[in-house]
Amino acid sequence: MEHSTFLSGLVLATLLSQVSPFKIPVEELEDRVFVKCNTSVTWVEGTVGTLLTNNTRLDLGKRILDPRGIYRCNGTDIYKDKESAVQVHYRMCQNCVELDPATLAGIIVTDVIATLLLALGVFCFAGHETGRLSGAADTQALLRNDQVYQPLRDRDDAQYSRLGGNWARNK
């Protein structure tokens, strides 16, 4: 039990040391973003802004251009030996679609309706022909008794049976 109390105290002390002692305000005026400090603003990483009014205010530019970065300020009065940081991250998505439950339900219902209409179209296009028997009924034995060829008959009633009448026939 003593070890867990010591360990939880150590974790708490580590987390509290990471907390900023004072807040750094991020302001939005019209369409621009500003970081404001009582003392000077220091850029750490991200969007490099323009310093304004005695280095206490940093203009990050238009919010539509997605300003982001980490900025530091030195403290004043009781926090004059402390330093605090703020992370700014704007994401102004102009081509995004807000996916709320109503939009999601609409997409799902539309998908189901389109699938059913497609299935109905395939069913109607590839519909069954009436009056036609199955393929097994179409096949019949043309020759019986395993004959390969059907013998020709002697008939002289057709127009083409007289064409080679003078030639001898092999029977």
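Positions of Cβ are set from backbone N, Cα and C atoms, glycine also.
Bond annotation: of Cys73, Cys93, only Cys73 is listed by Swiss-Prot as forming a disulfide with Cys37. Look at the Cβ of each of the glycosylation sites Asn38, Asn54, Asn74 and count the other Cβ atoms within 10 Å; the largest number goes with Asn74. Per-residue pLDDT, averaged across the domain 'ITAM' (138-166), gives 61.
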